[in-house]
6 protein chains.
Amino acid sequence: MFKHVDYLQFQAKPEKPDAFFAAKLQELVGGQFGEMTVMMQYLWQGWSCRVPGKYKDMIMDIATEEIGHVEMLTTMLARLLEGAPAEATEKAAAANPLLAAVLGGQNPQHAIVTGGGAMPTNSQGVPWNAGYIVASGNLLADFRSNVAAEAQSRLQTSRIYNMTDDRGVKDMLQFNLARDTYHQQQWLLGIEQLIADGFTENGIEDSNAEFEHPEANHTFYSFDPESTAGEGRWARGPALNGKDEIIYVPDAQPLTDDRPLGPAPDPKLFVTYDGSMGKGKPGTGAGAHAQGVANVVNKIKGAVTD
Amino acid sequence: MFKHVDYLQFQAKPEKPDAFFAAKLQELVGGQFGEMTVMMQYLWQGWSCRVPGKYKDMIMDIATEEIGHVEMLTTMLARLLEGAPAEATEKAAAANPLLAAVLGGQNPQHAIVTGGGAMPTNSQGVPWNAGYIVASGNLLADFRSNVAAEAQSRLQTSRIYNMTDDRGVKDMLQFNLARDTYHQQQWLLGIEQLIADGFTENGIEDSNAEFEHPEANHTFYSFDPESTAGEGRWARGPALNGKDEIIYVPDAQPLTDDRPLGPAPDPKLFVTYDGSMGKGKPGTGAGAHAQGVANVVNKIKGAVTD
Amino acid sequence: MFKHVDYLQFQAKPEKPDAFFAAKLQELVGGQFGEMTVMMQYLWQGWSCRVPGKYKDMIMDIATEEIGHVEMLTTMLARLLEGAPAEATEKAAAANPLLAAVLGGQNPQHAIVTGGGAMPTNSQGVPWNAGYIVASGNLLADFRSNVAAEAQSRLQTSRIYNMTDDRGVKDMLQFNLARDTYHQQQWLLGIEQLIADGFTENGIEDSNAEFEHPEANHTFYSFDPESTAGEGRWARGPALNGKDEIIYVPDAQPLTDDRPLGPAPDPKLFVTYDGSMGKGKPGTGAGAHAQGVANVVNKIKGAVTD
Amino acid sequence: MFKHVDYLQFQAKPEKPDAFFAAKLQELVGGQFGEMTVMMQYLWQGWSCRVPGKYKDMIMDIATEEIGHVEMLTTMLARLLEGAPAEATEKAAAANPLLAAVLGGQNPQHAIVTGGGAMPTNSQGVPWNAGYIVASGNLLADFRSNVAAEAQSRLQTSRIYNMTDDRGVKDMLQFNLARDTYHQQQWLLGIEQLIADGFTENGIEDSNAEFEHPEANHTFYSFDPESTAGEGRWARGPALNGKDEIIYVPDAQPLTDDRPLGPAPDPKLFVTYDGSMGKGKPGTGAGAHAQGVANVVNKIKGAVTD
Amino acid sequence: MFKHVDYLQFQAKPEKPDAFFAAKLQELVGGQFGEMTVMMQYLWQGWSCRVPGKYKDMIMDIATEEIGHVEMLTTMLARLLEGAPAEATEKAAAANPLLAAVLGGQNPQHAIVTGGGAMPTNSQGVPWNAGYIVASGNLLADFRSNVAAEAQSRLQTSRIYNMTDDRGVKDMLQFNLARDTYHQQQWLLGIEQLIADGFTENGIEDSNAEFEHPEANHTFYSFDPESTAGEGRWARGPALNGKDEIIYVPDAQPLTDDRPLGPAPDPKLFVTYDGSMGKGKPGTGAGAHAQGVANVVNKIKGAVTD
Amino acid sequence: MFKHVDYLQFQAKPEKPDAFFAAKLQELVGGQFGEMTVMMQYLWQGWSCRVPGKYKDMIMDIATEEIGHVEMLTTMLARLLEGAPAEATEKAAAANPLLAAVLGGQNPQHAIVTGGGAMPTNSQGVPWNAGYIVASGNLLADFRSNVAAEAQSRLQTSRIYNMTDDRGVKDMLQFNLARDTYHQQQWLLGIEQLIADGFTENGIEDSNAEFEHPEANHTFYSFDPESTAGEGRWARGPALNGKDEIIYVPDAQPLTDDRPLGPAPDPKLFVTYDGSMGKGKPGTGAGAHAQGVANVVNKIKGAVTD
């Protein structure tokens with residue numbers, strides 16, 4: 001359950017309105033790595049966490065903080081979108097109504113849809129969607145995703161930081177930059193803690209490791225005869241499992257003589273076919289579907305007659 | 001420029017068709033972390049890479065390999081969708097047409113849309129979209145994203161690996177598991193190489209570091225009075241910058257008395273308002289837009305009269 | 001079945017072209033509450049209506065009118081996008097090719113994609129999608145949605161109305177404003193008619209009302225200790241069912257000691273877990289899937305042996 | 001700023017796992033009217049609210065409650081997805097591996113993507129997106145949207161309530177049904193309060209009312225000669241503004257002789273045209289864009305020479 | 001303007017309900033090539049048509065027919081979703097509640113969202129979106145798109161036709177198949193008419209033909225040394241312009257020594273760069289944005305001082 | 001399997017940077033008919049092709065070329081986004097920071113997200129998605145779609161060609177125009193080859209032709225009494241099947257007395273209903289779902305007891 005405190009975590013006071021900058025700042029609200037993403041991603045990971053105690057509490061703590069970060073940004077946006085001094089502007093604009101041309105630099109939905117508030121979209125107006133969220137239940141894989149999200153988010157914040165001279169905006173973004181720096185570390189330290197607690201040996205996701213193809217897991221294949229990729233650390237030296245030596249294969253060739261061709265199609269699906277692979281295997285008219293029917297009938301029979 | 005070789009990188013030969021498993025396998029083609037994502041993500045990063053030589057070549061090599069992985073998976077899917085033996089199935093299904101009920105376990109688009117081939121969608125039928133791609137031009141941030149993508153992708157492959165007993169499918173997935181293991185390492189070693197080459201000091205994205213809020217970059221704020229998050233490594237000990245000691249703040253309070261309230265709205269936007277924040281600042285009727293007009297007119301005047 | 005009459009319902013004649021305004025006007029065509037939404041929403045509700053006669057006819061009448069409103073708007077947009085006087089513009093633009101800078105205020109797809117016609121997108125270029133449609137088969141719930149759609153649509157029309165001085169555009173928008181006023185009333189009167197006809201008692205969706213938690217249906221919970229929400233009518237006085245008195249609970253506490261934690265995970269799904277909730281319950285390798293198999297096998301057995 | 005309390009608002013304890021029901025329950029999490037929608041919609045409205053005090057506090061209170069409702073549902077989903085008793089299931093499934101056919105009734109992403117947790121998607125796997133959010137800054141229009149959202153949400157909850165016999169699930173849904181009943185009333189009472197406080201006269205969004213087409217705002221047009229829509233209250237009797245009498249127009253005809261035809265196209269856009277509307281007005285090759293250039297050049301000249 | 005007639009164009013009477021088939025039939029309503037697509041595509045093309053008379057009337061006629069086709073399909077779907085005989089079913093299901101397992105074969109939103117009606121989505125539940133619409137204003141290009149849409153749509157209808165034995169469903173689909181056959185011809189004949197009327201010479205979109213690279217417009221490049229593509233008509237014989245002979249280039253090589261590398265990046269964008277391409281060209285901190293500012297300032301100065 | 005050659009197929013060297021033009025050029029990368037679409041569409045068709053030899057090789061050849069076209073465009077975009085000369089710009093912009101207003105004409109994500117590189121989106125910022133791909137397995141239907149895609153793509157290229165004076169950009173676009181001209185012909189010649197090879201008789205998709213409604217497949221229905229559509233070739237003369245004469249039906253009437261009304265609804269779905277169609281047929285509380293259960297139970301019983 002959540003509670004709300006009617007103060008911002010950190011102040012969001014621009015020196016003056018700036019609708020053009022507001023249009024760009026939307027990227028940090030509703031973009032792929034905006035605050036909505038980390039808020040929802042961490043909430044989702046926290047709710048899915050099966051390790052009670054410090055792990056779950058840590059994830060929920062940062063998730064809760066991030067709800068407040070969306071609050072800070074939406075407040076900042078509303079203030080950046082405040083109307084201009086009335087008399088002067090009205091006169092200027094009345095005299096030059098078509099100067100509206102430059103309005104392209106603004107986000108029209110800030111006026112039409114929200115009436116001067118933030119939109120839940122990115123800087124190009126694309127609505128935020130849950131396809132950005134990563135939450136697998138596997139803390140190692142998710143902490144890796146979280147480090148990446150914080151790095152990308154921080155980089156975008158840093159680029160936007162350079163696009164304004166407004167002291168008040170910069171103050172808030174300095175806080176955000178700092179949080180993103182700390183949070184990168186937090187998730188990296190989380191991986192260290194996972195190792196210390198025995199949840200992973202070396203920080204590589206390696207479930208079902210015993211079934212891996214024994215060579216492909218430490219081989220670099222190059223697909224350009226002139227590639228110089230072999231000069232990097234990734235192509236030589238010990239693998240991170242501490243056992244294998246990385247193999248570099250220049251100008252890699254297919255490892256099989258299997259050609260990428262599908263089987264003869266069901267004739268009732270009207271796929272173009274010249275018969276060269278033999279006769280197609282028709283179903284009941286449901287095409288590929290037919291196959292499943294037979295399987296299920298047989299298996300249910302089996303189950304019932306056991 | 002690219003070339004094609006009409007063989008698969010690794011064989012994709014299922015023992016027998018299985019349309020139900022095919023529906024699930026779609027997640028590895030067109031899901032958030034399916035092969036389409038890494039193929040497009042690495043192509044995009046390679047095309048945006050400003051460091052010629054081993055870095056750009058390495059990224060393009062793996063990107064080129066991934067196009068071939070989509071090819072392997074689409075071939076596997078076409079083969080899993082092959083029609084069942086005709087006579088037996090037709091008879092069974094003709095006798096029991098409504099057994100089609102169980103067809104729900106199949107992906108209807110495999111028959112209706114592609115005629116027995118793969119779909120460019122995830123296991124729930126959602127089309128792949130470019131919102132999954134990460135490519136920032138910053139190799140550190142992007143390599144972090146790539147480690148995460150490989151870890152998530154490997155985890156999903158591993159889960160799906162356990163959902164079939166088909167020897168041929170398992171063979172191919174063992175190759176995929178191995179590649180994902182190697183690729184996780186490749187990107188981690190890429191970060192080591194970036195450090196070795198002086199592109200980053202400690203692997204933390206820290207552009208504009210000099211402007212960061214000095215405390216918020218090494219402080220853990222907790223937002224639940226009963227939280228045990230303070231017990232983790234992320235909440236104590238040295239920060240990864242080698243300078244600061246992490247601070248843990250239990251039951252964090254707002255750092256400001258700024259309340260999350262927007263300014264008085266432009267009356268012509270018809271936002272509900274009680275006047276408590278003073279008079280709204282109307283524009284020309286374009287609401288928030290008006291503000292920009294005045295700014296631009298003034299600034300263009302200034303530029304022209306310079 | 002439908003018929004077409006090759007005249008607009010109401011004239012759509014701008015005084016002069018204005019590509020910049022056209023970009024904004026797109027919100028009323030393909031936005032969340034644009035004419036495409038109400039057209040499709042009412043068609044869908046009409047086709048799903050199970051009450052023949054005045055209800056179904058009324059919905060189909062307004063749906064049919066709305067197809068014509070999209071026609072009015074697309075015609076208006078094509079006219080706003082008419083090319084400028086040729087000679088003067090060509091000369092000016094040839095001399096200053098980079099003035100193209102200001103073209104940002106236009107919608108590039110109006111030239112590149114449609115060749116001077118409307119786009120089926122909102123003012124930010126996001127394609128209209130059927131996720132905006134509401135049609136539940138329940139007329140009360142749907143009429144509520146329709147009142148809301150007309151109110152939002154009217155508000156956006158009103159904001160855009162203030163963004164132009166073009167007499168011809170304003171004429172058409174005055175018609176649209178009036179229709180939205182009438183349509184709000186139409187749906188509200190539709191609810192009155194539903195009450196008069198005995199389809200609902202008091203206009204509250206209350207199916208399965210007999211099963212509701214007896215207190216939670218007339219209680220306001222507040223989650224901020226300093227909240228003043230208790231001062232509103234929604235927090236005191238009689239509930240709209242005419243029976244209960246609304247209860248106000250300041251600083252609400254959890255109603256249970258149930259903590260938001262999932263059960264022990266299936267070990268074959270590789271979810272991070274410390275064993276504190278006991279042993280996970282593994283399936284067949286399909287993880288959560290396994291559970292259903294057993295249920296179905298048992299129940300089908302049961303059905304067959306009945 | 002927000003805080004978290006590590007207890008659910010209301011218990012979410014199913015009697016037993018049920019992965020099939022879990023797939024359906026997703027609609028209440030990530031569907032068009034799922035808990036994610038109301039959570040985000042109310043947060044957004046609260047952050048955009050320009051009336052401090054009881055209105056803003058009320059919106060934030062319910063928004064904060066809704067975050068907790070997503071928490072309840074994700075917890076319920078994780079518990080419904082718990083693995084089945086191991087031995088029995090494993091044996092059954094091992095003997096009948098293809099019974100996996102029926103798994104179609106489950107959501108494959110529950111196993112592949114989340115490892116036994118909720119997905120931020122609807123019951124068909126479509127990711128939640130911010131295009132569902134309504135927040136206009138106008139409390140009347142938004143409260144109308146909120147009544148509708150609660151009615152639709154309650155109706156879906158009620159339908160799902162009938163799809164399970166699990167006592168624990170039904171307990172939680174009874175709480176949810178009750179909240180949706182109360183919340184419908186809350187927003188309707190909110191409109192009463194807006195009227196009482198003088199923010200709206202009669203609950204109809206009527207900004208710029210003085211400009212409305214004087215007849216179209218109280219006229220029902222019918223577009224089917226056999227329509228019986230004229231029998232409803234919406235087609236006769238006093239309008240809700242207390243002044244006009246509703247007019248019913250059977251078999252409505254166009255109100256203009258304006259035909260839906262665009263103007264002559266810019267020849268450089270290669271639109272098919274037969275010259276019947278005169279010569280097209282070419283731009284600079286940028287087509288529709290050219291028009292804006294001339295306007296802007298002229299207007300900037302004007303502004304500068306003022 | 002449109003009118004409605006309360007009869008279907010063609011009857012839509014299934015012999016009996018079939019909720020499983022209904023789930024598949026959704027592809028023909030809300031899929032990429034479902035009836036919603038052709039309805040909206042033709043409406044949009046008609047509204048954008050700049051050739052009055054037979055062309056515009058023809059497009060509007062078929063567009064109007066297609067609205068009625070969506071009506072036929074939504075009616076068919078509602079009837080396929082009718083509840084089963086009550087007593088028998090209730091008893092069976094009460095005895096075996098978990099048989100709900102097989103419900104996966106149904107579309108859960110048919111019950112939860114629409115209450116037994118059609119959804120505006122495809123067979124996998126993905127909402128229809130306007131990104132499917134093609135309308136360029138160029139009749140040749142659009143008629144090509146329309147032929148393709150009718151061919152794809154007919155193929156899907158044909159595949160689905162084979163998935164049912166219901167006489168009533170097959171009757172309606174036979175009508176649909178016939179319309180798709182005629183409509184393919186209609187658009188092909190439309191291209192013949194465009195040629196006859198002099199709008200295109202040979203049915204190839206060739207605007208700006210005079211600027212084309214003179215060889216690349218009749219050359220087949222092959223990118224696989226073992227390709228046999230040279231055996232097809234597309235690789236030899238006269239081009240369709242009646243002038244050139246097609247050239248076949250096996251194992252094509254790059255036509256340039258230009259390597260795919262971007263320029264030195266703006267240092268303030270924090271793109272990883274080793275300096276090998278010289279010094280980056282920094283802007284004002286807005287990175288790439290800076291460039292435009294200078295251009296615009298200069299050009300506006302120029303325009304004003306003319 | 002694929003290989004990469006580190007040279008572009010054709011040079012992509014703009015004379016000078018132009019971030020404004022870059023924003024428009026995005027349409028040719030990530031738009032509905034951008035290079036990503038044809039690249040993915042042809043790859044997908046090639047992987048699904050069941051006719052080995054010249055057909056499959058031809059499709060893969062052009063698919064491979066298209067990957068290189070995306071490479072050309074992303075390279076061009078990166079170069080168009082190069083920073084402006086530093087000193088001059090910095091000074092100008094520092095003096096006039098708010099000139100940033102005109103930056104609206106740029107794509108903010110070019111700076112914020114990619115750091116001066118291409119985005120995988122269209123000119124309005126909408127991410128590319130796989131819903132644009134067409135691949136049915138039926139070569140005739142797919143070649144029709146490919147002709148259309150090349151025509152639309154060429155038209156957009158041609159419009160954009162006119163929007164720049166940059167010699168280097170125009171050079172590359174001249175190559176692209178030429179390829180689109182050739183590719184239109186290639187797919188049309190592909191259809192000729194399909195006819196020559198006996199895969200289709202007359203180029204009309206006519207699977208299940210024997211079941212078509214015998215009249216509807218050569219009849220034009222008009223739905224506007226004043227329509228002049230009957231004057232076109234599509235409404236008279238021989239049909240393309242060489243047998244029928246096209247019939248023109250002016251002012252078409254319904255072909256049935258079937259009215260678009262659904263059946264009585266399941267009462268447990270709470271659909272508004274007045275009882276006029278008799279008693280609803282309730283299920284088990286799962287509403288429409290119930291029907292399937294009975295069907296399946298019966299059929300499985302049948303299958304087992306066979």
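Using N, Cα and C of the backbone, Cβ positions are placed for all residues, glycine too.
For A:Glu35 (Mn(2+) 1 binding site), the same-chain residues lying six or more positions away in sequence with a CB closer than 8 A to its CB are A:Leu28, A:Val29, A:Glu66, A:His69, A:Val70, A:Leu73, A:Ser153. Annotation comment: TrEMBL describes A:Glu35, A:His69, A:Glu150, A:His183 as Mn(2+) 1 binding site.
The Ca(2+) binding site feature in TrEMBL is assigned to A:Asp57, A:Asp61. Within its own chain, A:Asp61 (Ca(2+) binding site) has no residue 6 or more apart in sequence whose C-beta sits under 8 angstroms from its own. Secondary structure at A:Asp61 (Ca(2+) binding site), taken from DSSP and collapsed to helix, strand or coil, is helix.
The annotation Mn(2+) 2 binding site is assigned in TrEMBL to A:Glu66. A 10 Å cutoff on Cβ-Cβ distances gives A:Glu66 (Mn(2+) 2 binding site) a total of 22 other Cβ atoms nearby, all chains included.
If you take the C-beta of A:Glu150 (Mn(2+) 1 binding site) and look for same-chain residues 6 or more apart in sequence within under 8 angstroms, you find A:Val38, A:Asp180, A:His183, A:Gln184, A:Trp187. The number of other CB atoms found within 10 A of the CB of A:His69 (Mn(2+) 1 binding site), across every protein chain shown, is 24. Excluding A:Glu35, A:His69, A:Glu150, A:His183 themselves, the residues of that chain whose CB lies within 8 A of the CB mean position for the Mn(2+) 1 site are, in sequence, A:Val38, A:Ile62, A:Glu65, A:Glu66, A:Ala149, A:Ser153, A:Asn176, A:Arg179, A:Asp180. Under 8 Å, Cβ to Cβ, and six or more positions away along its own chain, A:Asp57 (Ca(2+) binding site) finds no residue.
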